[in-house]
Amino acid sequence: SLIFTTAFGQSSDSFLFKSHSDVCILFLSYNYHYRYSSVCAINLQAFHTSFPLLKKKPPREPPREPGLLRKSMKSLKDSPKPALYLSLAGLIPLVSVPLLMAFQRTYHPELAFVQVTYGAVIVSFIGGMRWGFAVPEDSPAKPDWLNLANSTVLPLLAWQALLFKDITSSAVMVVLSLGIALHYDLSLLPTYPLWFTGLRIVVTVVAVLSLLATVAVKMHPGKVQMQLWPARSPQVADY
């Protein structure tokens, strides 16, 4: 609301209305002449009469929940001991091959083929595991085309990996198959328990690094040998 005060000037035929904040100034004339019968509004502005404290504040954004990857890694400690120990033991054939080649300072194509074959078996096992998880009636995963067809793709990729003549191509194919299987479990078909998803992440990362290490030993056996065991001076005697 506005509080107006009336002021009389020297001329009695005009009134001056002012607000306390100089918001509106009106000049009214009693002269009936056309040029003096107009009403002029000067500096007309609007203002809020509400207090600043009564204004509504924008709602705060709710805190973001951690993603599936972070939840799975935190739930890894809740894994049953048989599942945890057996999964880690299943990585021994994959990890031991590049370590054995590095310690013996040579590349063994037979061991590399065994490692790639074992990796293909793991990919097929992951596909069958999805099929078995979707079949029970009380399972959160339904036996639909999405679950069963994707679980069938993984054994086909593993079979394709064993058809390459070059062991490097086979190893790369197994690595891609492991990545596709992990993509299924994390984004496309996330129905596994969190602890099992975290276990799958650890197993996949270790398996991929082991296969890539074997490929690196094959492609650069001399560099790996020089990095692990630098050439000794002939003056140093062996004891």
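The backbone N, Cα and C atoms fix where each Cβ goes, and this holds for glycine too.
Curation plays no part in TrEMBL annotations; they are all automatic predictions.
According to TrEMBL, the protein carries these features:
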COMPBIAS  59-68  compositional bias 'Basic and acidic residues'
REGION    55-75  region 'Disordered'
TRANSMEM  83-103  transmembrane segment
TRANSMEM  112-133  transmembrane segment
TRANSMEM  171-189  transmembrane segment
TRANSMEM  195-217  transmembrane segment
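Most Cβ pairs under 8 Å to the transmembrane segment (195-217), among the stretches 83-103, 112-133, 171-189, belong to 83-103. Listed as Cβ neighbours of the transmembrane segment (112-133) (distance under 8 Å, sequence separation of 6 or more from its ends, same chain) are residues 90, 93-94, 97-98, 139, 141, 147-148, 150-155, 157-159, 161-162, 167, 170-171, 174, 177-178, 181, 184, 189, 191-192, 200, 207, 210-211, 214, 218.
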